[in-house]
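Let me begin by presenting the structure, written as structure tokens, before commenting on it.
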Amino acid sequence: MSPSHFAILFIIVISLVPLHGYANGQGFDANKLGSSVCHLGKCPKHREEVCYCCFNDRSRCYRSLYKCVAVCNRLVH
């Protein structure tokens, strides 16, 4: 492999590192947002399962934090 090919490959690999960090950061932001409108608890229908429920309406529970945040944000605003 010539030095110019190696340099191009190196630049491409280095440029992918911030994208990886950005993808990981999205999950953390969603958890921060979710903690303001949803709480983690046992599902009302299935006590052994864990769900995310709206703070304002505890009967609205979802297995996905993203779904809970989407629905509960509409209830708040």
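Cβ atoms are placed via backbone N, Cα and C, with glycine included.
Listed in Swiss-Prot:
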- 1-25: signal peptide (SIGNAL)
- C38-C53: disulfide bond (DISULFID)
- C43-C72: disulfide bond (DISULFID)
- C51-C68: disulfide bond (DISULFID)
- C54-C61: disulfide bond (DISULFID)
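Shown are the disulfide-bonded residues C38, C43, C54, C61; of these, the residue with the fewest other Cβ atoms within 10 Å is C43.
A 10 Å cutoff on Cβ-Cβ distances gives C72 (disulfide bond) a total of 23 other Cβ atoms nearby, all chains included. Nearest neighbour of C38 (disulfide bond) by Cα distance, taken over the disulfide-bonded residues C51, C54, C72: C54. Under the three-state DSSP scheme, C72 (disulfide bond) falls in the helix class. DSSP classifies C43 (disulfide bond) as coil under the three-state reduction. Between C61 (disulfide bond) and C53 (disulfide bond), the C-alpha separation comes to 4 Å.
Taking all protein chains in view, 20 other C-beta atoms sit within 10 angstroms of the C-beta of C53 (disulfide bond).
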